[in-house]
Amino acid sequence: MAGGGVSALGVKKERAAEYKGRMTWAVAMACLVAAVGGSIFGYDIGISGGVTSMDPFLEKFFPVVFRRKNSGHQNNYCKYDNQGLSAFTSSLYLAGLVSSLFASPVTRNYGRRASIVCGGISFLIGAILNVAAVNLAMLILGRIMLGVGIGFGNQGVPLYLSEMAPAHLRGALNMMFQLATTLGIFTANMINYGTQNINPWGWRLSLGLAAAPALLMTVGGLLLPETPNSLIERGRSEEGRRVLERIRGTSDVDAEFTDMTEASELANTIENPFRNILERRNRPQLVMAVCMPAFQILTGINSILFYAPVLFQTMGFGADASLYSSVITGAVLCLSTLISIGTVDRLGRRKLLISGGIQMIVCQVIVAVILGVKFGTDKQLSRSYSIAVVLVICLFVMAFGWSWGPLGWTVPSEIFPLETRSAGQSITVAVNLFFTFIIAQAFLSLLCAFKFGIFLFFAGWITVMTVFVYIFLPETKGVPIEEMVLLWRKHWFWKKVMPDMPLEDGWGAGDGEPAENKNHN
């Protein structure tokens, strides 16, 4: 088939200027409910660090760590170095990695809602097992079920948000997932702060409250409308058009419906999306699906969010002060995500990613210098330097919150053509969870081995990813999701990688942006 198989089928013409519609209550409510999946993801990230710093929890499940923590002779950097304790945190993400691969065919064949509902049910089961845990095996099994929920939820929710949102608001609405994630982290930190003194079952309350958003996600998933893209892909075109008219608030949806129909024609010829995604014409999207989530984790943010109370205690903060500091960082992350929501569709993805990367590099280096000069294996930080460390970490978290935090999910979810979208999102989730698992499992050991150098390790990776975005990522703001494939063919590098395909009028020459976008930049 000419042009790598897409000239005869698939979206062949840029029709963004013909799109009609507005933000409707149907879209707002659907996105709000769907984004609850992000809140559970965030809650599970935030809750584990606080729980693993609670003495009753450590004494019951990790007595070796409990004794080491309360020993006055232990190296500050190594007191929490325990593979079992790391496994409590990381098992969730390994389970999520595996389940995300099974979630892809469910999402494609049964719809985005099916993955959301499956995720919600798995979260409920995991929360019940955790709150009732009587031994380490039951505790880990609960975390594994939570991981299955993350695999399905993180597969379905970002796709659902990208497909429901109007093109000109897709960035902001897609970030509802990240906003809900940050709200989940902040909520978890607040709950940990409140339950730390409830002996001996405060940790059970912290883990069990994950059931509340899980129930909301399950019920909401059953009530949500399916996306028109998914309905059309599964042969229900008339129903898909009715949903499209309802969520756009107009019956004049011919241009968008045509794009979806053309995309579904190609999608329905693909029997194995995972094999198809390896073709040359999908190479740019595949690279982004691997690099964006990997880089998001290699910022080091999850190390801070997982282990914030442990990390602050390592630096010499008391138990109360460490949890209080993690509450502050959680609040900063949540508020900074609002900045991204308000600017992403005006400033674009690239500017936020690059500026956020530069700020994170500076912050990581400053923390490394302070710890290297003023903190040691048997020394504590002074009050003034402790405050300085918290402030700089907050600046780091703020930069992540408006850049790599939301955009690490937004960009991969919006760039794939329909025929490989579920597979692409599955790869994105799997890569994210794989690197999350590696960092979660290794961080306490790395902290023990690298000491303050751990922050320089992450600063080096942030430098790499910032350069990567500058060179390889075209601006995607304002480009309709079904026309994204045309964008790569105008990028200075990716057009050399992809097979030739003639483009119709309406695209700016040489810069990778639609002509319409150029007029607004």
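Yeah, the Cβs are placed from backbone N, Cα and C, and that goes for glycine too.
Record features, source TrEMBL:
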TRANSMEM  23-43  transmembrane segment
DOMAIN    30-477  domain 'Major facilitator superfamily (MFS) profile'
TRANSMEM  85-103  transmembrane segment
TRANSMEM  115-134  transmembrane segment
TRANSMEM  173-191  transmembrane segment
TRANSMEM  203-224  transmembrane segment
TRANSMEM  286-309  transmembrane segment
TRANSMEM  321-341  transmembrane segment
TRANSMEM  353-373  transmembrane segment
TRANSMEM  385-405  transmembrane segment
TRANSMEM  426-446  transmembrane segment
TRANSMEM  452-473  transmembrane segment
When you scan the chain for residues with a C-beta under 8 Å from the transmembrane segment (426-446), skipping those not six or more beyond its ends, what do you find?
80-83, 85-87, 89-90, 93-94, 96-97, 100-101, 103-104, 107, 147, 150-151, 154-155, 277, 286, 289-290, 292-294, 296-298, 300, 302-303, 306-307, 310, 408-409, 412-413, 454, 457
Are the transmembrane segment (452-473) and the transmembrane segment (23-43) near each other by the rule of at least 3 C-beta pairs under 8 angstroms (pairs 6 or more apart)?
no
What average pLDDT does the predicted model assign to the domain 'Major facilitator superfamily (MFS) profile' (30-477)?
85
Using a Cβ-Cβ cut-off of under 8 Å, list the residues of the same chain that are 6+ residues beyond the ends of the transmembrane segment (321-341) and lie near it.
46, 49-50, 53, 172, 175-176, 178-179, 182-183, 185-186, 188-190, 192-193, 196, 304-305, 308-313, 352, 390, 393-394, 397-403, 405-407
Spell out yes or no: are there three or more C-beta pairs under 8 angstroms between the transmembrane segment (353-373) and the transmembrane segment (173-191), with each pair 6 or more apart in sequence?
no
Under 8 angstroms for C-beta pairs, at least 3 of them, ignoring pairs fewer than 6 apart in sequence. Is the transmembrane segment (203-224) in contact with the transmembrane segment (85-103) by that rule?
no
